[in-house]
Structure formats: C-alpha cells, structure tokens
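Per Swiss-Prot, these features apply:
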BINDING   His627, His629, Asp640  Zn(2+) binding site
DOMAIN    107-158  domain 'SANT'
DOMAIN    344-442  domain 'SWIRM'
DOMAIN    548-680  domain 'MPN'
MOTIF     627-640  motif 'JAMM motif'
MOTIF     745-749  motif 'LXXLL motif'
Amino acid sequence: MAEEAADVDIDIEGDINESSKSIYDSLNTGFAPEHYIESAWQNEEGLAPWALDSSISEENREAIKKMLLEEEYYLSNKPLAVKFWSDSQEGEKQCIKRVRSPAKASSSPVKWTKEEKNLFEQGLATFGRRWTSIARLIGSRSVLQVKNYARHYFKNKCKLEGFVKEEAKIGSLQIPNLQDYENEPDITDEPTTFRGRADPNLNAIKIEKLSDDEEIDITDEVDELLSNKTNLDTIIIAKTDKVKETKVETEVQQKSHSTTEHSQTDIPKLVLQQTETECLDSVNPLTCITSPKWTLSPQQCEEDDYDQPDVQDCLQEKCLSPHAEDLTVLCENENDSQDEDDEIKPPDQELEIDRNFILDEEKQAIPEFFEGRQAKTPDRYLRIRNYILDQWENCKPKYLNKTSVRPGLKNCGDVNCIGRIHTYLELIGAINFGCEQAIYNRPRPVDKTKCKEGKDTLEAYKLAHRLQSMRTRKRRVRDPWGNWCDAKDLEGQTYEHLSAEELARRHEDKIKSYKYSKGTRQVRSSFDPFQLIPCSAFSEEKKAPFQVKVSCEAMLVLDLHAHVSMAEVIGLLGGRYTESESVVEICAVEPCNSLSTGLQCEMDPVSQTQASEALASRGYSVIGWYHSHPAFDPNPSIRDIDTQAKYQNYFSRGGAKFLGMIISPYNRRNPHPQSQVACLIISDELSNDGSYRIPYKFEIEYMQGEPQWELVFAKTRWIIEKYRSSHSSVSMDKRFRHDSELTCLQKLLMCMKKTLGNTACPLITEEFLHRIEEYFRTSYKKESNYQIEDNDPCKQHSDTTFTMDSFQDYEPNGRPSL
C-alpha cells in the first residue's frame, strides 16, 4: 500500500491560526485525538483532507490517512496505542524502526557497540579522515557505514558542546508556545509548554524507498544523553527583554536537498545560535523567531537518526536555507573562522629534516606509506624524500620541479605519490625555499570541527587533505609480454604460475632470441625492397598452370624499348588467354611513360590508360606488364614481387591471367649478346623467413608469323624520339662490354635478327634491320652528344656522359651490384 503512494506528493495546507475539532474519534485506527495537538489539517467544515477528493480510491485514501496520522504521531511524541500494530504488517513496522536494505542485511549488529566506537575514535586519531583505513581497523563495519557514522559523530559532537556551553548561561526556562507569538509581543519569564507543532516544511510529503546496502543505526547516544537532562517537549531559551513581533508565515515548498528525504521521529530540538542576521521571510519555508541576539534555527535541530550517504558535505556546514548565514554551531567562534588566511603561510625559514627519521607530521600528511602496504613502506618513503632533498641541495637555489626528480626514482611508486611528497616538502619549506615558483595554495575546505585540536594540527590536517585530494591517474600495468596496458584489459585472464627453473629457462631463451634478433637486424639493414629474388622453375611436382607464347612483334618492341635507356623502362603486354588449351599468347607490347624516382620505376597512369586503349583497339586484352633490368639479372625484386602479386590477384577475380616479364639487355653476367627475358608469376608459397612469396618462371615459346612491319617502325620512331635526348639515354655507338667488339646498336640488331630468324624471309629480315639501323644513325646525328664514328668503333669520346663501360660498376635504381 505504501509503495503505491511512494511517488505521490501530497500537499496539504492549513491555517495555523485556527484549529477545528478533531474527528479522529470516528476513525478506526490506533491514533486517538487525545494523543495529539489540535490538527491544522482540517478545514472549517471539519472535513479531513482525504475526504475532499471523491476521485481518490479507497486504498489511496487509507494510505494517505495512515501517513498523515503517523506524521502527527511523530510530531506529538505521544505513546502509540498497542492495537495500532495489529492491523499492520511486520515489514511496515520494521521500516519505522530502521531502514533495511532491499538487497541484503548486514551481518553486524545495527547499533554501534562501545568497542566499535572506541576503535573508530582510535582510528580517527591515527589515520585522520581516511575512512577506508578506519573501516579496516574496525573490521565489522564497511567504509560507507564508517563514513555515515563519522558524519553524525562530528555533528552531534558540536551539538553537545554547544548545548553544554549555553546550558550554564540560560538556565532551564521553557519556550512559550509558538502560536502565542502572534498574540503576545513580549516573551515572559514564566515557563510555558511548547505543544508540538508541525514544521511547515513537512507539509509537503514525499515517501521514497531507501536503497542503501546497509542497516542504519537510528539511535543516537547524544540525543539519549540530552533526553536525560531535559524534556524533549521543551527547549531552553535565553531570557531577553523584548522580542519583535514576528509574523509566522507558512509556505509549502518541495525542495530536494538530497536523494533521500529526512524523516523525523521526535520533536525538533531547536539549536540556539548567536548571530547578527535576521531570517528572510518568503524565501525559504522556515519558521524563524528573531531577536536582537538569538536566532532559533529549526533546520539545525533535525533528527540525526537517519544516515544519508548521498547528502553533500556542505549541508553539514550550512543551513538548508541558502540565505541564512552561519547557522551551524561550530566548535570555534565566528571571528576565528572568518580570520583564516586564504593561503597557507609561506615558511619563514628553510626547514632542515633529519634524513634518518620520519616526523609525525610527515606520517599524518603522507599516510599511505605508513599503513602496512606492501608496495608503499616507510623505507620507500625515506628513499623518495631523501632523494628529493638531495636533488634540492644540488640545484639550490634554482626551483626543483617534480619532473626532474622522477628519473632517479624508478620503481619507487607512481608519479602521483612522488608528487605528493614533493608538494609536502615544498609547503613545509624543506625544498624550493625562497623560489618564486613555489606556490602555497589554499587547500580544499575542511571540516572545522577539528579546530580544537590546535592550530598546528589544523594546518597539518589541511596540508594532508590537500595532498590526498590531488588527482590520481589511471593505474597501468604490464601484460604477460611486458607491454603497458590498462588494468581492466587483464580482467578475466588466466595466469600461468611457473617454477623457478622454468622461469630461468624461459629467460635464457628470451636472451638468446634477443641476441639473434639483434644479429639479424644488422643483416636486414641491407635487406631492402630492391633485393633480387631468383625465380624457381616449374617441375613435375609443381607444374606450370598454363603455357606462354610470345609473338615476334612483341619481342622486337620489347628489345627496342629496353636497349635505349640505362634506366628501367615499363609497358603493358597485350594478348589473349585460351582457357581450353591453357595457353597465354603475348601478341603485342605497348611502351608506357615511367615515373622513375631513382630507386624505383612506376607506370604513368595516363600513359597506362592510353596503352590499354591501344591494345583494346587491336582486339587484345591486358594480360601482363613488363619492365627492364638494364645491367643485371632479370630476376624480380621484392617490390616487383609485391607489385606483380597485387595485379595478379586483381585480375584473377575475373578469371583472367596476368604475367610479368623482365628483360635484361646489358647484363654483364650474360655471355651471349641476346637479351635475357624472364616471364613469371607469383605463387602463394612463402619464403623461409616469410618476407616474400616465391616467384616461378615460365619457359617461353615463340609464335610463328611475320610481324606488322609498319607498326614496328612506328614504335621504333616513338622510342627513339623519346629517349635520344633523355639523360639516361644509351650511346648506341659505344661498346656494350669491354670484352666485346659489338656496339649497343649492333647488339640490338643482333637480338632482333635472332627473333626474326625462323619467322620471316631472310631478305625481308635484312631489309628491316637495315632500315632500323639507318633510322638510329640518322636520329642520333641530330644530337651533338651522340656523334657516330663508323670507322673507329673502339674510340670513345671524353664528352660522352654515359657509356656501356659505366654499366660495369653501376646498377640502376639503387640495386646492389651482383
């Protein structure tokens, strides 16, 4: 029933100046009208508020009635009839007595025992406000329970001390009825009884279900002590001459000062507080009686029997009204608290610390090293502190920052604890004394109830509080491989526990592998992507996937293009693939412009597109690419393998084949004048070290049939015009090798004759070669750098930039000399 009304806000307004006859006699409940004050909840016609709205269901009406009567019972402090509990559930009865967690109940007793209280006070004196350490010392209480108990401990301590102070001054006078202040302008000396009057702030009722995982002790030993001395129905007030007539106004507001609302079980004990201000009306729903000297603050008299873990600490220092000033009773008078310095006083002189001893102030300021932790010990604190002091002695009078001391404090803890020690030493004047960079900031606000411990203790407490409030970083750990990672990443992993022998063996293996890797790293420094990889041959175990045939026209253009440049040349292969016969025919070659960087040769995208269109116009498909190795073996480099593999995989998606051809015209290891040609594909097999895929070379067959002569002449003219003025152009009239009498042009003609030997008529072949030779001689005469001497082929010109002799020691594109 109570759960259905849990989220219902009930606003009941009444006139506190009028009262009606009680109608509690007609209700079937344990509450009787003679138990309570005259109710302000009834209207002039004597109707109860739950009877005003006919739309309220019977169950909700009963719930509202029960809640209001229970609240009236709380405020009146009258004994409850026994029969009232007969109609109630046991769970509801327990909710009145205590707040029980819906998840689980605490195994420890609800009320704090004397032993626990003594341990709490002992831990408070030893650790300060480190609730985790105090909870560990007590053992039977959680950190949350210790924190809640501490909140009420300090609050009740202030109340008790303030009450004892005022009790000696003001005697045992009783407060007159609050309602009488409306009719009587003066306060008389005669004692009158203060009947229970509902706090107007309670007119707005909100019932919530607490969800704290603990049982909370709602008995307060301080209140029990006060109840033995004075009647809870009365309160002591000082004798004064006159009190200004104050109109008591009631304003119903709902304010959420915490996630859990206060419930009151006794009459509020109004705390007397000396102040010079007057309560502000109509701003906060507080009923205030103001005199020139004394102010009654009902908000300070709320019951402390309910723990509120989510209430902000500022509620302990300020009244619930944001406009009321200094309404908390402090153990230090106002003048002292207002005269506090905004900053910690800079030290007057440099402090000398004994390197072999730890002061009590240090233990209080940096307690983490003195709590018995395995990672943080007093010896480690001494090491860090003394190292910082030594560094200060070395760099004095220059400012010693935190970063400069960290390199010498490896494996001494995280940077945050080192920074806290550095900050502490700086604040007490042990380091950075007299430096302008030293900052003495005001620490965070602290609980002023510790003021009586002495001014020095308070300063030490402030310092410790500031050090503990420094931002901490996320803790990082190393994974099993020694890499830094977040601690959460290692959650749920299983760790292998090894013996000492196994650890030693693995350590040796690790050292060996490390040495091996260092040795191989020096070898791999010369292992660049231009290293040549020999091609493997197909065998019976690994047969060729298809046959490769090359036309005469393709070989003629390929030789022409490769012979004219010392740099690598590049182009596309055109032809067709016959799947039924598993034959790839290379029928045409399209030279392309290259983008050479000196280390590699790449195909110009525009030229590549034009070459593809030219092949397509002749009815051929792109079935591969070619490039030259001018003066070294026609083996692919690692980069060539990677490029070929990418193209190969791309074309294979459509079922096409893609070959790679490498031609070497001036390889000095080749004893024959004919160019070396390699036609290859890349397999899926990896090398022993896994750095590349193994290339395989095909056996080339030459196709029968005459080439298109005019097309070959057109390609020749394009090649000569492009490369004759190039800085990498080959001087065609020079010997291509020291041990040969052949010039580069003669070598080219010999290669072309070899290609045409079995396919064309000898007369036609001779005519074709003669025209090619004449065209080369005529074209190169136009260039002053390439003058031809027909009579003396062995004579060399000193102004020639590139000759074939330079190939003996030069490897293009940065390739190693083989």
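Backbone N, Cα and C define each Cβ position, glycine as well.
In sequence order, Glu568, Val569, Ile570, Gly571, Cys601, Asp640, Met661, Ile662 make up the list of same-chain residues 6 or more apart from His627 (Zn(2+) binding site) whose Cβ falls under 8 Å from its Cβ. Using the Cβ center of His627, His629, Asp640 for Zn(2+), the list of other same-chain residues with Cβ within 8 Å runs, in sequence order, Glu568, Cys601, Ser628, Pro634, Pro636, Ser637, Ile662. Under the three-state DSSP scheme, His629 (Zn(2+) binding site) falls in the coil class.
Sequence-remote contacts of a segment are chain residues at least 6 beyond its ends whose Cβ falls under 8 Å from one of its Cβ atoms, and for the motif 'LXXLL motif' (745-749) they are 559-560, 563, 665, 673, 732-733, 736, 769, 772-773, 776-777. Applying DSSP to the domain 'SWIRM' (344-442) sorts its residues as follows: 48 helix, 0 strand, 51 coil. Computed over the domain 'MPN' (548-680), the whole-number mean pLDDT of the model equals 90.
Each residue in the domain 'MPN' (548-680) gets a DSSP state, and the totals come to 40 helix, 49 strand, 44 coil. Within 10 Å of the Cβ of His629 (Zn(2+) binding site) there are 26 other Cβ atoms, across all protein chains.
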